Every structure is written in C-alpha cells, then in structure tokens.
Amino acid sequence: MTKIIFIRHGQTLWNAKRKYQGQTDIHLDETGIMQADLVAQKLKEDKVDVIYASDLQRAYKTAEIIGLEQELKVSPSIGLREFNFGVWEGKTYEELKNEYPELVEKWFKDPESVQIPKAESIKDLQNRAVNQINEILEKHNNKTVVVVSHGLTIATILSYFLDIELKNVRKMIQGNTGITIVEFNDTKGTLVVFNDINHIENL
C-alpha cells in the first residue's frame, strides 16, 4: 500500500484578496508561512519517505518547510502546477462576475463544460496531474509520499482516483495547508482523511 498525503499550499496575498492565481507565481504571505510551519509540525508524526511539489513558489516553499522537519529534499513537478486560468488570473470573483457573467455561472455548475479564454481545460489539468501521480505511485510503491500542490489540481486528482464526476470537482477543493490522505492499492484509491485543517484553527 502506498500512502499519499496531499497538501494544498499556504496562503498568499492573492488568496487573502480572493484573486484567481492559476499559474501566476505568487509567494506565500506571512500567514502562509505560519500555516506551512504548523502543517510541517503536524506531519512530524508521520514517517515520510519522499516529497513532491508543484514548482510554483507558493507550493514549493510550503514543501520546503515540510522538508526541513522531515530532513528531505523536495522534488519539483510541472505536472502538479495549478490550473491555468488564462485571462481570469489576477482577477477577483466579483470582477469576473461582472466581466464574464454567463461563463462564471457555467463554471460553478459544471467546470468541465467551460473553456476560459487562453486557459487549459479541466480535463487537461486532470490528465497532466494524474500522469504525475501515476509516476509517483510506480516509483514509490509501499512508501509514504507528501504531495504539495494546489486547490483545483488536488481536486481533479481526487476526482479521478475516487471516481467522482469532474462536474463536482469544486466541492473537493481544500483550504490552505489542508491535509488529505489517500491510500492506494495498485491504482485504486481509498480516502482516509479529507481537508484536515485542525493545525491552523488558532491562526
């Protein structure tokens, strides 16, 4: 059995302002660094064998902080990057509601049916993210792996391995430094923990 501990990155200034980040490379803010420290302390209870992270700074820095506690280096991955939101990046939900009212409504009902201008599709995101997870499963059989990534990326991975329709993918987005644990036998996943954020409740 292989255990993957999925962790969403810590908070950024754009998270706090409720801006769509996508692949724009925004760093952790002070709260995000504290969140990363707290999740790293919590994971000291687990014997982690390897750490992978999106190469975007907010995820990679979160993973580095975890790696310091585990005495492990982080393997960066382009495949674990966040969804490319195209022209939506840098805009708030309120701005998008005004500029793209019909598209936003469709996005919240069935994101798989939406093509945001200059963005990738949800299916494209899922394909690249799942390919990376399959590589990890093949390479690290019977190990405990930490994967630090992004809200929508992790949600599409969970959708695939837990056999949940992509139209429901937004319901699986974790909070910042939320912990989700999936145990894999071959390529079948079993959800053990979803979006545990107890470690940051007092922030």
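Count begins at 1; order follows the chain as displayed.
Cβ atoms here come from the backbone N, Cα and C positions, even for glycine.
Heads up, TrEMBL stuff is auto-annotated, nobody curated it.
According to TrEMBL, the protein has these features:
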BINDING   R8, H9, G10, Q11, T12, L13, W14, N15, R58  substrate binding site
ACT_SITE  H9  active site, tele-phosphohistidine intermediate
ACT_SITE  E82  active site, proton donor/acceptor
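TrEMBL feature annotations superimposed on the structure.
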residue	record	Cβ within 10 Å
R8	substrate binding site	30
H9	active site, tele-phosphohistidine intermediate	33
G10	substrate binding site	28
T12	substrate binding site	23
W14	substrate binding site	19
R58	substrate binding site	29
E82	active site, proton donor/acceptor	25
Structural state of T12 (substrate binding site), classified by DSSP into three states:
strand
Could you round the CA separation between the residue listed as 'active site, proton donor/acceptor' and R8 (substrate binding site) to a whole angstrom and send it over?
10
Rounded inter-Cα distance in Å - H9 (active site, tele-phosphohistidine intermediate), R58 (substrate binding site):
6
DSSP state at E82 (active site, proton donor/acceptor), helix/strand/coil:
coil
Among R8, H9, G10, Q11, T12, L13, W14, N15, R58, the annotated substrate contacts, find the widest CA pair distance and round it to a whole Å.
15
